[in-house]
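Worksheet: the structure to be examined is printed underneath.
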Amino acid sequence: MKRTALALVPVALVAVVTPTAQASPAPRPSPGSPGSITLITGDRVLVNGDDVVRFVPAEGRKRFAVHTYKENGHTYVVPQDAAPLLRDGKLDRRLFDVTTLAAFGYDDAKRDTTPLIVKQTNSVLRSTSNVLGFATVRAKKTGNDWETIKSGAVERVWLDGVRKPSLDHSTGQIGAPAAWQAGVTGKGVKVAVLDTGVDQSHPDLVGREIAEKNFTEAPDTNDTVGHGTHVAATIAGNGAKYKGVAPDAHLLDGKVCSDAGCPESAILAGVHWAVEQGADIVNMSLGGEDQPGIDPMEETVNRLSQEKGVLFVVAAGNSGDEPRTIDSPGSAEMALTVGAVDRADGIAPFSSRGPTSGDGSIKPDITAPGVDIVAARSKHAGSLGSEDHVAMTGTSMATPHVAGAAALLKQQHPLWKRAQLKATLMASAKPTAGATPWDQGAGRVDVARALDQRLVVEPASLDLGVQEWPHQDDPKIVRELTYRNSGPEPVTLDMSVDVRNAPAGMFTVSPAKLVVPAGSEAKATVTADTTVEAPDGTYIGAVLAGAMRTSISVTREVESYEVTFKHIDDTGAPTAKHDTLVTPYNDPSRTYRPRADSGTARQRLPKGEYFATSAFQPAAGKQSLLSYPKLIVAGPLEIVLDARVAKPVSVKAPEPGATPGHSEVGFTFTRGDWRFPYIHSFPDGFGDRVSIGHTGPTDPEFRSSIESHFAGRAKNPATPVGYRLAWFQKGRTPTGFVRAVKRQELAEMRTVFTPGPAGRKYQLSADMVSPEGRRSTAVATPIPLGGTAIDHVLADGPRWSFGFFQQDENGNNEISTASAPKTLKAGRTYRQRLNTAVHGPGLDQEVRGPALVRMGKEIGINVPLFGDGIAGSTGFARVTSARTVLTRDGKTVGESPDPANGLFSVPDEDGEYRLETSAARDVSELTTKVEAAWTFRSSYVDGTRQLPLTVVRFQPKLSESDSARTGLLRVPLVVQQQKGTAHVVKIEVESSFDDGATWRKVPVAGTNAMVTNDRSGFASLRARTVDAIGNTSEITLIRAYRVAG
């Protein structure tokens, strides 16, 4: 799903507890929790939320370059020696996706191992389990296993990721009571519930469970989340209060999810166990973002479905109404994938839509009730309240309705396997009017009709693929549908095709009337003719056979051409040792990777303009980088990417003997609100191993950058010396770059800082900020308590932002701040103090982008809450608690456990919104808590629009210990506003000297608040604003500064 403003990881939740009427936003790395993530290579990445601030190579790995880039809102950090394995499909890309690693809780503060799933012919990596050929490995973060993986001894490695667990009126909605009256209750059918565990002591579930097993690291099978119990009761509740769909079915309780989520290795083990236990149906109300290719869970579902005949009923996911949001393993071909409807059979707005992101298959397959479903509450799930039953919403709740329906059908037809069960449930489903197969598959499950269904069709859907442009000579696509009649009488079907917006002649079916004999089958022929005059795009609908519907789709490719990429190495020979990325300017969230073993790759690309870059790797540690800023595709094209075009990069500091450090080459292109950087980093400098070059036309919105840092000789350890050098070129990349910098080109910045609590470590950084607002990867220098950093920076060109990092004893960031970019003058000396009070919310729209936006049907927020006292700074901190809540017209529409960070689905209609956030921290004695609230109006917009946002910064003059004397203190007020926000017409300030227990009004004179510090201790501050159109803000800072007597 495309995100244009806020980088949030799309790992879908599959259930929420009411009163929230929609699925909660996906979990994401909290921008209030700076820390570090160790890659499988042993290299460390220091991050603030989704921003990479520093790359720390493991011992002996400085020679390897590092490629950093963003794709679909995810940040990837790929060391050079991992690129070939990724290119060959031997490594899971998520292993280098720091956005996902942080969201899974795989940062260094939470884990000392990286969980892996491995295919290996020999046990070269020690595993804790081996299921269906997939070994579970816990790789130490030392990087010791990396050399084994690189050696080729391991066939393939995936990250052992974390999936998330995705009824009083609803059984009647799907026709279950009619089945019960007919004596069909699921008796004798085994249904496995792979979830958070099942509370079998609940009155609605007594006697239903026949086996249980715990596959998680939790100590027992208790359902502390409450999700699995709710799902199990929906399937097989015995009717003590509420009946499940199949009240006499037997339950197999496989606990594969804990409070922390659902490890993929646990799910695989649970699937294997369920099949061994003889499960007829496996309910999987869980999922996660589908990745390219077939992942281990998709492979396992498909394999066991085919080999064992088990029906896997899987949640589609809760990623909303955008296309290609189906979760894995719901994306598996053989799965019966379930979307959600409301009580009126309307498609739930949160229900994920097809097609699948990989092969474009039609999904979901079916829908079921999934909104405000009431079922049993686990006694161990205290967070769900104290009632015996609880209402939940999500495709997780829809899925067990279908699993229960399958159990009823299985009792009626004991010999039926997956194929018959799936086909019958889909053939008998009730379509929702106006919804497409990508919304609903065949329609809402109808149990009563399924039990009487005598006619089924195979295949259950027809995905006719893509017809390449141009279309005047497209071959006709012909497919057969086989209808089977198990009834005692022949059936005559009126055949037709119903595809929205399809012109006459595009789809035909013959014969017009199909007679299916009793106890036999008949075939219909479906033809798609894409040569007819019609707009390009995808056409989707259904083949109608009487009341039966079979989904059908075909795509007329938009104007596209084959582009041939020829890769030549520095010897003039074709080479496959390259990593080429091609990004369309009109959709930078999508990236193509043309590759071929011979060095010649063919990639079909839609007509348009693209940016391309290629990194050649002629030898270990060496790299030749080419950029192609403006690749215009208007016909068949051959592009030669020749490494010989690239020439060496050499940068020298003015101090002889200065030690080269972090250096990088950057390519950035901009289109509207999009800014996409591709960064190639070299931890120990360029040396003699890097060459760069330009090929193709120039583009005014493209910019290349070269940055190099050196450590100078310090007179004493308390005054580290650094050289910070950076250059830019607009429109192109220089072909080769050689610079010997002179001292007169430099400015000097002397930086000190206000220390935090005892026992901490500190680092300072100087980061280049490009003209278009891209901040470079921070190069941090350790500095002792009381020390002064001396940075010599290239002046009169690049701008510089200076950062502060407070770290715990393990080197994990507790606090990080960044100053606003500034240009320094050559020959001048500047001084600054970082980490000063008052810390609070700050905006840096140029570098960080907008902090509050409307994106179609969503509102997103990402506000840094802990900037220091320097004007324009932003900052983050490790928090002990946080909460963000969005209300509309007084009703909660979403909440997030992150500080000032979230993505919320909202109605299209105009409404009055209030956004509240709070965060507490214990890593500083000052600003121990931030509370903020904003009000604004919003309605649906196409694309992205910034929303009104105002923050007030307090900037009193304090001592070096961040203290003020008792008495009157002038506190300058700086108002920061997001672009487009109306000017402030009213501002009020209050102060407190008892940590916010009581407040008093403070006089405001112009842009100054006149605070009277009447006792020693700590002063807290609050500011309220109203803008010219009535939007408001409120910022509260507890313990803003010290007061000395």
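Glycine is no exception: its Cβ is also placed from the backbone N, Cα and C atoms.
The active site, charge relay system annotation in TrEMBL covers Asp195, His227, Ser396. For 186-432, the entry in TrEMBL reads domain 'Peptidase S8/S53'. The region 'Disordered' annotation in TrEMBL covers 576-602. According to TrEMBL, the feature signal peptide maps to 1-23.
Distribution of TrEMBL features across the structure.
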residue	record	DSSP class
Asp195	active site, charge relay system	strand
His227	active site, charge relay system	helix
Ser396	active site, charge relay system	helix
Separation of alpha carbons, Asp195 (active site, charge relay system) and His227 (active site, charge relay system) (Å): 7
Cα-to-Cα gap, Ser396 (active site, charge relay system) vs Asp195 (active site, charge relay system), nearest whole Å: 10
Close in space, distant in sequence - Asp195 (active site, charge relay system), Cβ under 8 Å, 6 or more apart: Pro165, Asp223, His227, Gly228, Val231, Ala232, Gly254, Lys255, Val256, Cys257, Asn283, Ser285, Leu286
Averaged pLDDT score, the domain 'Peptidase S8/S53' (186-432): 93
Packing count at Ser396 (active site, charge relay system) (other Cβ atoms within 10 Å of its Cβ): 34
